[in-house]
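Asker: The structure follows.
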Ligand code: ADP
């Protein structure tokens, strides 16, 4: 069966890690806008050149550009049976773009996993990641910008999806496996079946 999923959570909530686990279990691709942008920056493409300074500052890439990238990715054959979106939509305008695109294909999201992690905790995890990985946008300033954007622009999208009854709030504090189990339990309860559960 298909599963069209979105994972939402503040930076440092572990959504990247959980996203990969969920996608594997359901046999669907992860569509991470952050990864797509970073790959383009690394490869020096035109898109990469357009977005480098925006990403390093922790600001949002323009909505039209981001939505075009996502439409393109979701149009590829491997996303036909489902996908897990990570990092998109990130504001209400992008929610509208995604609605329009999926609606045009008679599709809709099945579930939105909202990872709940207190700001102090995500800040601590991001600072640790900055020390380990040295990502260009993991400076204290860019981290602050991204968390502020999350609270101001991204958190409100949960209100919209909430009225559709598709949001599962998951406590993101605890061991990685515990969090994964919580997510699987919530998706199971929606009747969304994992490959590995066959
Ligand atoms: P994080 O969750 O740590 O902020 P991401 O990998 O999701 O990291 O995103 C990295 C950067 O890529 C963002 O700070 C932003 O500049 C850009 N980006 C990713 N997704 C979007 C999006 N949906 N809209 C606009 N910009 C985005």
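A Cβ is built for glycine as well, from the same backbone N, Cα and C atoms used for every other residue.
Quick paste from TrEMBL:
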BINDING   12, 13, 14, 15, 16, 17, 129, 174  ATP binding site
REGION    32-61  region 'NMP'
BINDING   33, 38, 59, 60, 61, 87, 88, 89, 90, 94, 135, 146  AMP binding site
Asker: Among 15, 33, 61, 88, 90, which binding-site residues lie by ligand 1, judged by Cβ under 6 Å to any atom?
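Answerer: From 15, 33, 61, 88, 90, counting a Cβ under 6 Å from ligand 1 as near, the near ones are 33, 61, 88, 90.
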Asker: Report, as numbers and ranges, every residue of the chain located at least six residues beyond the region 'NMP' (32-61) whose Cβ falls under 8 Å of a Cβ in that stretch; write 'none' if there are none.
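Answerer: Here the qualifying positions are 16, 19, 69-70, 73, 85-88, 90-91, 136-137, 141-146, 149, 153.
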Asker: Roughly how many Å separate the Cα of residue 88 (AMP binding site) from that of residue 15 (ATP binding site), to the nearest whole number?
Answerer: 12
Asker: Starting from residue 129 (ATP binding site), work out which of the binding-site residues listed here (33, 59, 61, 90, 135) have their Cα within 10 Å, and give them in sequence order.
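Answerer: Cα filter at 10 Å returns 135.
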Asker: Taking Cα atoms as reference points, which of the binding-site residues 59, 61, 90, 135 is nearest to residue 15 (ATP binding site)?
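Answerer: Of all the candidates listed, 90 is nearest in space.
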Asker: Just jot down the residues in the same chain as residue 61 (AMP binding site), at least 6 apart in sequence, with C-beta under 8 A of its C-beta; none if empty.
Answerer: 33, 37, 51, 54, 55
Asker: Rank the binding-site residues 12, 14, 16, 174 by the number of other Cβ atoms within 10 Å of each Cβ and report the first-ranked residue.
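Answerer: The most densely surrounded of these binding-site residues is 12.
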Asker: For residue 33 (AMP binding site), just count the other CB atoms lying within 10 A of its CB, please.
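Answerer: There are 21 of them.
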Asker: What kind of secondary structure is residue 12 (ATP binding site) part of, going by DSSP in three states?
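Answerer: Where residue 12 (ATP binding site) sits, the three-state DSSP reduction gives coil.
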Asker: Within 10 Å of each Cβ, count the other Cβ atoms and name the one among the binding-site residues 15, 90, 129, 135 with the highest count.
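Answerer: When each Cβ's neighbours within 10 Å are tallied, 15 leads.
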Asker: When you measure from the Cβ of residue 59 (AMP binding site), how many other Cβ atoms are you left with inside 10 Å?
Answerer: 15
Asker: Got a sec? Which of these binding-site residues, 13, 17, has the most Cβ atoms within 10 Å?
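Answerer: Max Cβ neighbours within 10 Å, all protein chains included: 13.
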Asker: Using C-alpha positions only, work out which of the binding-site residues 59, 90, 135 is nearest to residue 17 (ATP binding site).
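Answerer: Closest by Cα distance to residue 17 (ATP binding site) among the binding-site residues 59, 90, 135: 135.
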Asker: What whole-number value in Å do you get for the largest C-alpha pair distance within 33, 38, 59, 60, 61, 87, 88, 89, 90, 94, 135, 146, the residues recorded as binding AMP?
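Answerer: The span, Cα to Cα at its widest, is 25 Å.
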